[in-house]
Every structure is written in C-alpha cells, then in structure tokens.
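Contents: one structure, followed by commentary.
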C-alpha cells in the first residue's frame with residue numbers, strides 16, 4: 001500500500017496473508033469460519049494461509065495457520081483475461097474460531113456507489129520506486145471512481161466497455177495498492193466491495209487508478225459454492 005499508514009491492529013481481523021514457502025505474496029479476506037476470498041491470480045501450488053497476523057516478525061498469540069482444502073474459480077466460456085473474473089474462493093482445511101485478531105467480514109448487502117471513500121490494506125510494497133515491504137499491514141483511503149477512469153489510461157489492454165471490476169484510487173496519485181496487496185479487500189462505506197486485482201507499475205501514478213474485482217456481482221456464485229453447489233456458474 002502506497003501513501004498509507006500502519007493499520008490499527010484491531011481493524012483488520014478479516015485480513016489474511018497468503019504465503020508460498022516463506023514469502024508473503026498476496027492478501028485475502030476471511031468471509032466465514034471456513035472460507036477465504038482472494039484473487040484468482042494469487043493461485044499458487046503451495047499456499048499457506050496466516051490468519052490473525054499483524055507483524056510478520058512478532059506473532060499475535062491467536063495467530064492461526066491453514067492450508068487450502070479446496071479452491072474454486074469463477075470460470076466463464078469467454079477467454080480468461082487477467083481482468084476478467086479475478087476471483088478465487090479457498091476452503092480452509094479446518095475452520096477458524098473468532099478471536100482477538102480473527103473475525104470474518106460479511107459480504108456486501110448493496111452495490112457500491114461511485115464517489116464512496118474506500119479503505120484498502122495489505123503487506124504489499126510501500127514505495128512505488130523501491131522494493132520496500134513493511135512488517136505490518138498498511139491501510140489507505142482511496143475513492144471509488146467511474147470504471148472508465150481505469151479503462152482510458154490503458155488502451156493497450158483493450159478493456160471491455162463494461163466490466164465486473166471496480167476502479168479505485170486517487171486521481172492526483174500517491175495512494176494506491178501495490179505489488180503484494182493483490183487479493184486483499186476494498187471496503188467502501190463499511191462494506192466489502194472489491195478484491196485487489198491489477199494496476200499499473202509503478203504504483204500510485206496520477207490518473208492511473210487500479211482495478212478491483214466487484215464482489216457484489218459474484219455473490220450468487222460465492223453463496224452457491226459455499227452451500228456446496230460446486231458447479232455454480234459465474235456471472236456472464
């Protein structure tokens with residue numbers, strides 16, 4: 001996270017860290033005792049999930065480790081672009097109980113509105129020019145923008161005219177998610193609305209906001225998978 005501050009230790013009980021070997025490479029969000037929602041591009045062979053973590057170096061007493069029991073992707077018949085359906089549900093190998101630093105974040109009850117102030121967080125890079133990673137998660141407030149603001153700066157991607165992605169950032173630059181924040185939550189007006197998906201490099205440039213998978217559009221799929229209907233289809 002660029003341009004943010006260390007998160008309050010009590011404000012991110014739902015935030016999980018995805019590790020492969022000993023490297024923290026993505027974030028995710030605990031949505032109930034057994035399920036984590038993250039980005040599809042965070043899929044790796046040997047994922048370890050740390051819950052209830054704040055500092056990488058000083059563990060919380062209630063920190064927990066899990067591994068995926070099952071992973072589900074939102075597959076569509078369309079060609080799978082990086083920015084399309086960047087969502088993955090992970091079922092944990094055993095449930096976690098709520099504790100001082102662990103509690104799920106509920107799914108959104110209404111769609112987000114452009115102009116909302118949103119909070120995002122993660123252990124990703126805190127410098128857009130240097131590979132500086134923090135020991136603690138950083139949090140930042142950014143604005144929910146019109147989707148076109150994410151489409152216009154990237155003509156080379158030939159992005160579709162409408163999309164199940166949200167666009168969020170600060171037009172003057174300086175605040176953004178960055179490498180290592182993928183899969184983490186975007187929380188707008190207290191509701192879990194987005195999953196960090198992609199952005200430009202270097203991060204936090206003016207007029208180069210980032211894209212977040214729109215959780216609200218995938219609610220039916222999420223609820224179906226959790227209910228055991230594993231051949232649930234994705235929104236078109």
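Cβ from N, Cα, C; glycine included.
What Swiss-Prot records for this protein:
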ACT_SITE  41  active site, charge relay system
ACT_SITE  86  active site, charge relay system
ACT_SITE  182  active site, charge relay system
DISULFID  7-139  disulfide bond
DISULFID  26-42  disulfide bond
DISULFID  74-234  disulfide bond
DISULFID  118-188  disulfide bond
DISULFID  150-167  disulfide bond
DISULFID  178-203  disulfide bond
DOMAIN    1-227  domain 'Peptidase S1'
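Overlay of Swiss-Prot feature records on the structure.
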residue: 7; record: disulfide bond; DSSP (3 states): coil
residue: 41; record: active site, charge relay system; DSSP (3 states): helix
residue: 86; record: active site, charge relay system; DSSP (3 states): coil
residue: 139; record: disulfide bond; DSSP (3 states): strand
residue: 150; record: disulfide bond; DSSP (3 states): helix
residue: 167; record: disulfide bond; DSSP (3 states): strand
residue: 178; record: disulfide bond; DSSP (3 states): coil
residue: 188; record: disulfide bond; DSSP (3 states): strand
When the pLDDT values for the domain 'Peptidase S1' (1-227) are averaged, what is the result?
94
Suppose we draw a 10 Å sphere around the Cβ of residue 7 (disulfide bond). How many other Cβ atoms does it contain, all chains included?
21
Relative to the Cα of residue 7 (disulfide bond), which of the recorded positions 42, 86, 167, 188, 234 has the closest Cα?
188
Nearest recorded site to residue 86 (active site, charge relay system) by CA-CA distance, among disulfide-bonded residues 139, 167, 188:
167
How far is it from residue 41 (active site, charge relay system) to residue 234 (disulfide bond), counting Cα to Cα, in Å?
17
If you run the three-state DSSP split on residue 203 (disulfide bond), which class comes out?
coil
When DSSP states are folded down to helix, strand and coil, where does residue 26 (disulfide bond) land?
strand
I'd like to know which of the disulfide-bonded residues 42, 203 has the most other Cβ atoms within 10 Å of its Cβ.
203
Sorry to bug you, but what's the C-alpha spacing from residue 167 (disulfide bond) to residue 188 (disulfide bond), rounded to the closest Å?
12
Show me the subset of 74, 118, 182 whose Cα is within 10 Å of residue 42 (disulfide bond); these are the recorded positions I mean.
182
